[in-house]
Amino acid sequence: MFPFQPMYPMQPMPYRNPFAAPRRPWFPRTDPFLAMQVQELTRSMANLTFKQRREAPPEGPPAKKPKREAPQKQKGGGQGKKKKNQGKKKAKTGPPNPKAQNGNKKKTNKKPGKRQRMVMKLESDKTFPIMLEGKINGYACVVGGKLFRPMHVEGKIDNDVLAALKTKKASKYDLEYADVPQNMRADTFKYTHEKPQGYYSWHHGAVQYENGRFTVPKGVGAKGDSGRPILDNQGRVVAIVLGGVNEGSRTALSVVMWNEKGVTVKYTPENCEQWSLVTTMCLLANVTFPCAQPPICYDRKPAETLAMLSVNVDNPGYDELLEAAVKCPGRKRRSTEELFKEYKLTRPYMARCIRCAVGSCHSPIAIEAVKSDGHDGYVRLQTSSQYGLDSSGNLKGRTMRYDMHGTIEEIPLHQVSLHTSRPCHIVDGHGYFLLARCPAGDSITMEFKKDAVTHSCSVPYEVKFNPVGRELYTHPPEHGAEQACQVYAHDAQNRGAYVEMHLPGSEVDSSLVSLSGSSVTVTPPAGTSALVECECGGTKISETINTAKQFSQCTKKEQCRAYRLQNDKWVYNSDKLPKAAGATLKGKLHVPFLLADGKCTVPLAPEPMITFGFRSVSLKLHPKNPTYLTTRQLADEPHYTHELISEPVVRNFSVTEKGWEFVWGNHPPKRFWAQETAPGNPHGLPHEVITHYYHRYPMSTILGLSICAAIVTVSIAASTWLLCKSRVSCLTPYRLTPNARMPLCLAVLCCARTARAETTWESLDHLWNNNQQMFWIQLLIPLAALIVVTRLLRCVCCVVPFLVVAGAAGAGAYEHATTMPSQAGIPYNTIVNRAGYAPLPISITPTKIKLIPTVNLEYVTCHYKTGMDSPAIKCCGSQECTPTYRPDEQCKVFTGVYPFMWGGAYCFCDTENTQVSKAYVMKSDDCLADHAEAYKAHTASVQAFLNITVGEHSIVTTVYVNGETPVNFNGVKLTAGPLSTAWTPFDRKIVQYAGEIYNYDFPEYGAGQPGAFGDIQSRTVSSSDLYANTNLVLQRPKAGAIHVPYTQAPSGFEQWKKDKAPSLKFTAPFGCEIYTNPIRAENCAVGSIPLAFDIPDALFTRVSETPTLSAAECTLNECVYSSDFGGIATVKYSASKSGKCAVHVPSGTATLKEAAIELAEQGSATIHFSTANIHPEFRLQICTSYVTCKGDCHPPKDHIVTHPQYHAQTFTAAVSKTAWTWLTSLLGGSAVIIIIGLVLATIVAMYVLTNQKHN
């Protein structure tokens, strides 16, 4: 029939009868492992290929069970379907077997996974339950020879030996501990402090460890699990569980663990609950019962159940009671898709909508609230209609039910439309809440059409996309970077937020009133009650009836009103509904679709084009969306800038040697450091020297040149004046004597003119014509004297560059103290000189420095939500406000409302009606996910992560920089700290929001102001001690509509989010990196860390065992100053023997890259060094010998680099010798002029005085 034979993975199994074949005899034998794998593969292929299967054969001996049948029991859901189909086929051939059905139910139980099986095996003899009243209240475990049990777990350990041990209490860690007997120490857990991020195991499966926190999926682990250990893959204990708290879809665990030093550390997330099995008790009719086991449930006694829930609405076990009341005992537990069945306790309602199709109306889909605070573009609405339930109250997905004048009707959700400026996409609905994704718009409208009638409701609300990050994009990008954000959860999980419910007020139902003959008859629905109020001939009737009743006094239907009474359903506590008369039973249900932490894809702006200049950076920016550019200096004054760039621009910034950082959009920060480079040549001609120093130190260079110019000018002027004064004093006596003859020497010095000469030019002309030799002598004598004196002064003057030399004192014999800069990544090398021993090199490089302040949480603030009680309306009577006890609660009584109104209050009277309006403030539903924490910061502790090398021994360790806590390694004892500078980037008051820290002077607890940060305050997110001050003022309701109007200040939290400055992450001085969990600053380049070493004698080497240099000569082959190890020095030497020697520069002029070098008996060694000196001259210590290295350094070629300079920066570069030579020449020439003038003036004065005395 077919052109080819079909191919099968194995021969098809023939049809077998549905009854099991007789069991074959079994003989024990050992199957090869490969044969077992082939057999399992063959069986799996057969299961996937054929549908007609016989039942599994009876189980074999225990030895065969795990090999053959265990894999079959772990098949997925696809095989489950086959089993159902097989059951259907069997039903046709014979009656069902009850035992077989029971067996099938047992087989569907979930088998523990690999992690759980491993933990159960390890826990079997190392973890012991703690019993209390016959129940397991928690667990105790034996770790490292010690017994640990949570202190909050009461009861007795289920082991006689361990129960008899006397434990010690450590209340700080919530633990009790004791040493176990010696015979039990072989069976104890081992512990470890190594906790790389990843997954670990505990009794309930996998535990995720990330960012120092242990989390499990929500619902895994509960009360009674306190004391269970968390194990790694090697079976070692990494933590002990104490409790947990739900955080969205995951549960954060409170644990006790160990750090690198073996010290116990406790981590407790906020609002954590202890997981001891303590039964919560609830109350019903003065009788207590476990909240998880109520005596009644809603399906059997709805009215009584609502009353029970109302009594226990503030009980800590309300959630357990609500879940148990919804799920009646004996009812089959349904899947997780049917969570939040509690909304069957409620019903939809009609409420006033301010804008329907035509004006305001009573709408079945009135919109109560709209929220759009997430970063995913979704909108959550609360309406008077309900979703996920049909008209009968049963669960039905993608369905909306609504109240149409007392009748509950339903409609498919796809027939409901929602739109802003354009249509929205409805994602899902649950209870009173609807989740949709909407485009931007200034209003939102919901409508549906039923029986040719369109029902709609619109509310003003600005719907817009909220971008996350530092780029203001309007649509999520396809590609980009992942960033933490807040999104609306698309499920109805319990996340701790509630919406308040209460019994509905009475509603007029005209269909209950009928006219029978000449009298009025009221017929309430079956199982319900009705309140009848009539005014017939001056007679007032007010009566509650359960069955039909005739009122003969009334002859018209308009004289009577029948109010439908309901006490078996709740409605939302809306300000648009009247409150039921009397004490209203209230409750609360969970809010679905809350904000949760998630990951959003954010765009990355095009990388800026960077151009480097001398101490400057130019950024050419071309953003696609408005993007923030933030910069700061990595110095003591950050001088940060924060700018929103919307168009292509060019921005120029200056960069210093201490560093500069910029953050462009959502890109990671980039840092640059300027090098000590400049044009010109510090060793060249004067104009090159001036150009070089002008670019490096413009103000100092201008000042120096000005001073030099002033000195030269003053020198020339002073010399000229002195020469003129001396000449006049010398020639005056001879001018007054007729025919006086002037001595030749005086005439030459004073340039005296002859009798025939009248002017200088005439004198020169006379000498030129009559005596040219005298002419040249007259001109060369001053010049020769000037040259001679200048050369003499140059030889006498000693050129000394001004350097700051920081010498390191030699260490003692056993103890060594030094100081290293507190800057991550900067290596610090030193040596220990001990008499009789070779120098011991020490190298320290801090990889990370943490500054952790001690913080105290003052309060938490977030968005507030205004709660409004349904107005209490009393017709033809007066009311008073009851005492207020809720946060910022306001209460007012309004009279003269609702005259003769037929919609809502239905009052007969005109002005005697009263309404009591109440409004108060509470935390928003999304406060758990979107809130700010106000802390007070105190003294900070410092941790340094160091790479330490002492001699040939290295270690990576963490040390507390407090001057007290030592670290021991290889016999070396190291004590660090305290810091030389008690500095912290955190102010006394700080605010943490969205993973970032802000220095903000927030108001104290209880002193918040309306519209400002802290307008609502709570000690924790879940605590009930809420303080609020929002300027809430109630307004008079408008006649004709039941509502509670009010005015209120805008949210101070929202205003603070808009106005807040950049966080410390972008503005902290000294380049600090700010992190949270815990709040800390890392790698702040400020201050120095004192170090004290205690070094054992075993690490020292005798001098006789080390080489000694007999001759050494140092030459600088290449030297670039202010560059990372830009200097290369070659040392030619002759040593007594080969070996290893420590090298060190005692002064701070140079920083060496090498800590030790290998020496031969004769040769040369190359050493790399860094220096900030233009003309370095330093002594290099090699073992116990010293050699001097000196030379000239040139500036680096690169103006800007991407890493800091790895050398000491405690001094600036010196002035070059060339510059000093030119400077002294200039100043020396000016001094010579002054000296010559003074000498001449002195000679002339002495001659004049002598001549006068002689005369």
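For all residues, glycine too, the Cβ spot is worked out from N, Cα and C.
Taken verbatim from Swiss-Prot:
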- HIS152: active site, charge relay system (ACT_SITE)
- ASP174: active site, charge relay system (ACT_SITE)
- SER226: active site, charge relay system (ACT_SITE)
- 80-92: compositional bias 'Basic residues' (COMPBIAS)
- 104-118: compositional bias 'Basic residues' (COMPBIAS)
- 126-275: domain 'Peptidase S3' (DOMAIN)
- THR93: phosphothreonine (MOD_RES)
- THR108: phosphothreonine (MOD_RES)
- THR127: phosphothreonine (MOD_RES)
- 723-757: topological domain 'Cytoplasmic' (TOPO_DOM)
- 1247-1255: topological domain 'Cytoplasmic' (TOPO_DOM)
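Projection of Swiss-Prot feature records onto the structure.
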residue : record                           : DSSP class
THR127  : phosphothreonine                 : strand
HIS152  : active site, charge relay system : coil
ASP174  : active site, charge relay system : coil
SER226  : active site, charge relay system : coil
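Averaged across the topological domain 'Cytoplasmic' (723-757), the predicted model reaches a pLDDT of 67.
Annotated pair HIS152 (active site, charge relay system) and ASP174 (active site, charge relay system), C-alpha to C-alpha distance, rounded: 7 Å. The recorded positions considered are THR127, SER226; of these, THR127 has the fewest other C-beta atoms within 10 angstroms of its C-beta. Non-local neighbourhood of ASP174 (active site, charge relay system): PRO150, MET151, HIS152, LEU242, VAL256, LYS266, GLN274, each in the same chain, at least six residues away, with C-beta under 8 Å from its C-beta. Calculated from their C-alpha atoms, the gap between SER226 (active site, charge relay system) and THR127 (phosphothreonine) amounts to 12 Å.
The local packing around HIS152 (active site, charge relay system), expressed as other Cβ atoms within 10 Å of its Cβ over all shown chains, amounts to 18.
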